[in-house]
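Colleague: Could you have a look at this structure, given as structure tokens, before my questions?
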């Protein structure tokens, strides 16, 4: 029964993680700081509901650190998504997410108990496949982002007035008033920066559970700590809300009280936050019923596959025989690697 519950939680978590940015992607979302702050309020509301269903267990301040890690990584999600698409973004950061989570458990980083795999060769072989799959993901060249909202004059700063001129060899690019056209080299630089940022974000995501695992591994230090994963959800989500609020305050100060904060983003961001809150709670349930060694590789990689399906069939971020062939091969290799890592333990 516990296996069925764990696998069901993995499935729910993967679908929600892989689909949560779809509502936001359809809107012009700026730099994503406002989006994340609205998401964090919805996440906190979900956390309050979970907290009440668990009988208001003891609050664990250390678990807030995991929420901070996630919020720092997620602060880059919208710019990444707007540059290389939700599918490629999630697949790339899912790779380092999986590797970071593997390293923390395998070597006992940050004071948690190390987990020695029963089949070391299979474990390392799976890790190599995950890394190689991540390399293949980086070779995919997504289409230039195109949304109607991004072209709307209402969404453009006064200094960025646009004309109807069109680049002769790239009809998708609107030419600024001065006539300058983004060069291919410039687009490649943005793409490379987005990939590097995705890799760094994945590391933050990979360490999200470390504080909770540390508490669970040291009952002598935390004798009254919750016994189940859901007992840490509220503490975890408070960390997210506080970090997102700090980033929002810093952004308001930096922009001199002129942040990008469109009212059109409130509904989609609340939806994304609610989906993430439920998905993360499901991940805690999966950890309790399957162990993190099994659930982590699944939930760190499958959402990227689901997001890639959105990119291919809905947003059309990824098209062309070369890209689709690379995507299919990379997904297959990465999933096989993640399965090997999970089975080896």
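Yeah, the Cβs are placed from backbone N, Cα and C, and that goes for glycine too.
Reproduced below are the annotations present in Swiss-Prot:
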type	residues	note
TRANSMEM	3-23	transmembrane segment
TRANSMEM	32-52	transmembrane segment
TRANSMEM	61-81	transmembrane segment
TRANSMEM	84-104	transmembrane segment
TRANSMEM	120-140	transmembrane segment
TRANSMEM	193-213	transmembrane segment
TRANSMEM	233-253	transmembrane segment
TRANSMEM	265-285	transmembrane segment
TRANSMEM	293-313	transmembrane segment
TRANSMEM	324-344	transmembrane segment
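Can you tell me where each of these features sits in the structure?
Modeller: Under 8 Å from some Cβ of the transmembrane segment (61-81) lie the Cβ atoms of residues 21, 24-25, 29-33, 35-36, 39-40, 89, 93, 194, 197-198, 200-205, 207-212, 214-215, 232, 235-244, 247, all in the same chain and six or more residues away from its ends.
Outside the transmembrane segment (120-140), and at least 6 residues removed from its termini, the chain residues within Cβ reach (under 8 Å) are 88, 91-92, 95-96, 98-99, 102, 106, 195, 199, 297, 301, 318, 323, 326-327, 329-331, 333-334, 336-345.
Within its own chain, the transmembrane segment (193-213) is flanked in space by residues 60, 62-67, 69-70, 72-74, 76-77, 79-80, 83-84, 89, 92-101, 103-105, 109-110, 112, 134, 138, 229, 232, 236, 287, 292, 296, 300, which lie at least six positions past its ends and keep a Cβ under 8 Å from the stretch.
Within its own chain, the transmembrane segment (233-253) has Cβ neighbours under 8 Å at 31, 33-34, 36-37, 39-41, 43-44, 46-48, 50-51, 54, 59-68, 70-72, 75, 208, 212, 259, 277, 280-281, 284, counting only residues six or more beyond its boundaries.
Packing against the transmembrane segment (293-313) from elsewhere in the chain are residues 6, 9-10, 13-15, 17-19, 21-22, 85-95, 97-98, 101-102, 105, 115, 126, 130, 142, 205-206, 209, 283, 286-287, 319, 324, 327, 331, 334-335, 338-339, 341-342, 345: each is 6 or more residues past its ends and has a CB under 8 Å from a CB in it.
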Colleague: Grab the same-chain neighbours of the transmembrane segment (324-344) for me: Cβ-Cβ under 8 Å, and only residues 6 or more beyond its ends, written as numbers and ranges.
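Modeller: For the transmembrane segment (324-344), the list is 87, 91, 94-95, 98, 102, 117-120, 122-123, 125-134, 136-137, 139-140, 293-294, 296-298, 300-302, 304-305, 308, 312, 318.
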Colleague: For the transmembrane segment (3-23), I need the partner stretch with the highest count of C-beta pairs below 8 angstroms, choosing only from 32-52, 84-104, 265-285.
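Modeller: Selected stretch: 265-285, with the most Cβ pairs under 8 Å.
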